[in-house]
Every structure is written in C-alpha cells, then in structure tokens.
C-alpha cells in the first residue's frame, strides 16, 4: 500500500543518446585533436630521436628501431583491452589512467643506461599507457557524430599532422639543447597533459525526465536498496550506484517501475547477503568484468576479415618512413636540421589531407572504400620510387605525397568500419582493428631495419614498404565483390525456399 506521507522521488529514464552532430561533440573533437597532436606528434618524430639513440647507445638500426616498434605495437595491441575497459568503466577514467602510465614511461626513460631499459620504459610502459589513451578518444568522436562523422574524424585526426609538423623541430631543438635524456623527461611532462584532455570525454548519455513522482511504501523501504550495496561487491557498481547487470536488464526490458525494482531487490535478498559474495583481487576482477563486455561476433563478417588483412599489410609499412627517412637522408649528405624538415612536411601534408578528405568523404556520392584503396596504392608507389633520387627537393615532394595519402588512411579506416558493421559494433571492432595494426607495427619497422643491415642501404627497405602498402590498398577491392557474391547467394536461397513452399502446397 502506498502512503501519501512517504518520501517521493523523481524517476528518470536513462538511455543511450543519439549522435548530436554538434554541441558538446565539438569539445570532444578538440580533445581528440589534442590527443593526436601530442601522441602522434611525439611518436612520428621518433625518427629524429632514433638517430641520436643509435649513436649514443652504439646500437644497430634494427635494434634501435625496436623501441618505436614496441611503442607503436603496444599502443595498438592494447586497444582491445582499452575498448573493453572503456565500455565497462568509461572513456574518461581510462584515458586519464593511460596518460599517467605513459607519462611515467617517458620520464623513467630519462634515467636509462641501456637500450634494453628503453624497450621496457619508452616502449612497453609508454605504449600501454598511450593505448589506453588512444581508443577512447576515437570512439567518443564516432559516438557524438553521425552525418558529419568523416568531417569530425578528419578534424580530430589532423592533430597528428599538426603535431608532427610542430614536434619535429621541437624534438630536434630539445636534443641539441638537453640531449636525449633531457628530451624524454620533457616529453614525459607533455604526455601527462593528456589527462587534462581525457577529462573532457563526458559520457554521452541522455536523461529523459517524465516528471512523474513515485511514492515509496514503508514495505518497500524495509528492503535493501541499491544505494546500500557495499562498494566491494565482486562485480562492481557503476557511477550511479546501480548494479550493472540489474540495470542493464531494467533498461532492456524498460522495467523501471517501483514494482520491478522491488522484485529485483527481493530476489537479491533471497539469493544471499551481498557481503558474503566471494571477493576477487581488484585487477583480476576489473579485467574479467571488462572482457565480459567484449564482442567477437564481427569475425563472422567476411568483409571485416578482409578489412583486417588490409590494415595489417598497410601498417607493416606505414610507420617505417617516419623512422628511417631522416637517417636515409643523412646518409646521403643531408644535414640533421634539413632531415627534420621532411617529417614536418609529412605532418603538414598529412593534416591537409585529413581535413580535405574528411569533408569530401561525407558527400553521399563518394565511394569511401575506393578512396581508401586508391590512396594506399599511390602511397606505396611513391615509396617504391623514393630511392630514385636523393636531392632535398625530391625528398620534400615525396614527403608531401606520402603525408597526404597516408592521412587518407588514418582519416577513413574508422569511418569505413562504421559503414561495414554499424555504430553498435564500432567500439569492439575498432579495438580489434587497432590490435591488428599493432601486430603489424611490431613487425614492420624492425624488418625494414633488418633489410638495411643485410643490404647496407635503405633501397630494399623502401621497396618492401611500398609493396605491402600497395597490396593492402588492393585488398579492399574484394569487399564489394564479396558483397555482390553474398547478395547473389541470398537471392538464390530465397528463390529455392519459395519453390519448396509451392511444392508443399501441391502435396496438400
């Protein structure tokens, strides 16, 4: 029985909001822009740091390249875990934690005395931290935009180009002034600022206020409410202090009435005292709980598998020019300051390509998949002919071409993923794609360094980089062919079903 004198509360229904295509979404775009500016501005300038480390630590090209490979690879490979943790605990908190881990990795590198220490600090620790930072920003932009997704994503990822353009001369100047140890300390301080931009990733949840007051009876009050559940329950409580599993059931069934909540609490009481639930170690509990949210059903989609392979081959070569172009040019007599210009040119062209292509790809008549594949073929072809000339002017032209068309890849791969699988599976699928990119990043640069050690020059390395990028670009041409095949098979199956139904009717 409901009594009038009982305390009343206002019921609010919580649901996932539709993309706003603006509003606070532009704040998220700005935050993602700054994330790309800092993360990839620093990482893409690693080729300048690479030369210094190779000389100071007296390490070979392939051995030194492992530092960048571990950083890039760990960044991308850790993305599935980052995705699962973000879904479970929110993008904001995970990105802030990641920035702290990455900052510690960079700062501790300033005290390194061997290249093996840098493998751990600058490679593994920083890579894990940046991996936790990267994916929440990308997913957040995709959630806030629908019609302007390509444009918003283009603006956010062009932070990579601007960062590369700005950071290359800065890193060169820091190396000249403070050496590589002082440089890593300063870069660590810059990386810690990612926590500030991570705090801007506000959850995109819409509250629907129905202005109805619900009166609670004394009988209802006698049962344990959700706010009384201990914080150390094995499966955790969300930010609103509602049990995650129960909340999801209510939202899915739209049972947010007092009776539904009453029944749930009654069932919880019957099943036992929550204080007596077995408690797991915090890290194990968090990881198991987060991974339970992960969905691998995308692997049933043949087009997704092709796209994964395309990303793998493209990323085998994508980062190598950033690492080896400065060293290659210096071997041909180009000064250190001039070699840093090439990375800056790649950065500014990359930025321009992302903005233009981001706007262009939102046109309804544009075939994004064709644009993506063609750009990578051009990118690979330019890399193959890179060794034909060693003049500064020629390498600047190459840098501009490579920067522009590699920017197309970075701008479009997440958008194409939404086109292939939809927004619902985007976060999980993106984590898988980035993990595959990470595996390729582990392999590509050291392999190019190994080719250098075997041949004594970078020609073969650049030939190999170009070939794998062309192959990755051509692979996506199978996606429309596969679509046509499966549509044809579906129509054939439907027609066979109709024949069977007609025959069954005749028998009766």
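For all residues, glycine too, the Cβ spot is worked out from N, Cα and C.
Sequence-distant contacts of the transmembrane segment (23-43), counting only residues of its own chain at least 6 positions beyond either end whose CB sits under 8 Å from a CB of the stretch, comprise 68, 71-72, 75, 95, 130, 133-134, 137-138, 140-141, 144-145, 152, 155-160, 162-164, 166-167, 171, 187, 190-191, 193-194, 197-198, 200-202, 322, 347. The feature transmembrane segment is assigned by TrEMBL to 23-43 (among others).
The domain 'Major facilitator superfamily (MFS) profile' annotation in TrEMBL covers 25-484.
Tertiary neighbourhood of the transmembrane segment (63-81): same-chain residues 39, 43, 46, 50, 53-54, 57, 115, 118-119, 122-124, 126-128, 130-132, 134-135, 287, 290-291, 294, 315, 319, 323-324, 428, 430-432, 434-439, 441-446, 448-449, selected by CB-CB distance under 8 Å and a gap of 6+ residues from either end. Feature annotation from TrEMBL assigns transmembrane segment to 63-81 (among others).
What TrEMBL lists as transmembrane segment is 93-111 (among others). Counting residues 6+ beyond its ends, the transmembrane segment (93-111) has Cβ neighbours under 8 Å at 35, 82, 85-86, 117-118, 121-122, 124-134, 136-137, 181-182, 184-185, 187-189, 191-195, 197-199, 201 in the same chain.
Among the features that TrEMBL reports, transmembrane segment is placed at 117-139 (among others). Panel annotation: around the transmembrane segment (117-139), residues 28, 31-32, 35-36, 39, 43, 53, 66-79, 81-83, 85-86, 91-92, 94-95, 97-106, 108-109, 153, 156, 184, 191, 194, 197-198, 201, 414, 426-427, 430-431, 434, 438 of the same chain, lying at least six beyond its termini, place a Cβ under 8 Å from a Cβ of the stretch.
Residues or ranges marked as transmembrane segment in TrEMBL: 151-171 (among others).
Summarising the annotation, TrEMBL assigns transmembrane segment to 183-201 (among others).
Under the heading transmembrane segment, TrEMBL lists 302-324 (among others).
The transmembrane segment annotation in TrEMBL covers 339-357 (among others).
What TrEMBL records for 369-388 (among others) is transmembrane segment.
Annotation source TrEMBL lists transmembrane segment at 394-418 (among others). Within its own chain, the transmembrane segment (394-418) is flanked in space by residues 138, 142, 149-150, 153-154, 157-158, 160-161, 307, 311, 314, 318, 321, 325, 329, 334, 341-343, 345-354, 357-358, 361, 368-369, 371-372, 375-376, 378-379, 382-383, 386, 388, 426, 429-430, 433, which lie at least six positions past its ends and keep a Cβ under 8 Å from the stretch.
TrEMBL lists 430-450 (among others) with the feature transmembrane segment.
Residues or ranges marked as transmembrane segment in TrEMBL: 462-482 (among others).
The stretches the transmembrane segment (369-388) and the transmembrane segment (302-324) are in mutual contact, each linked to the other by at least three Cβ pairs under 8 Å (pairs 6 or more apart in sequence). Within the chain carrying the transmembrane segment (302-324), a Cβ under 8 angstroms from the stretch's Cβ atoms is held by residues 43-47, 50, 61, 65, 68-69, 72, 76, 164, 343, 346, 373, 376, 380, 383, 386, 402, 406, 409, 413, 416-417, 420-421, 429, 432-433, 436-437, 439-441, 443-445, 447-449, 452, 458, 461-462, 464-466, 468-469, 471-473, 475-476, 478-479, 482-483, 486, all 6 or more beyond its ends. 151-171 is the stretch from 151-171, 183-201, 430-450, 462-482 with the greatest number of Cβ pairs below 8 Å to the transmembrane segment (339-357).
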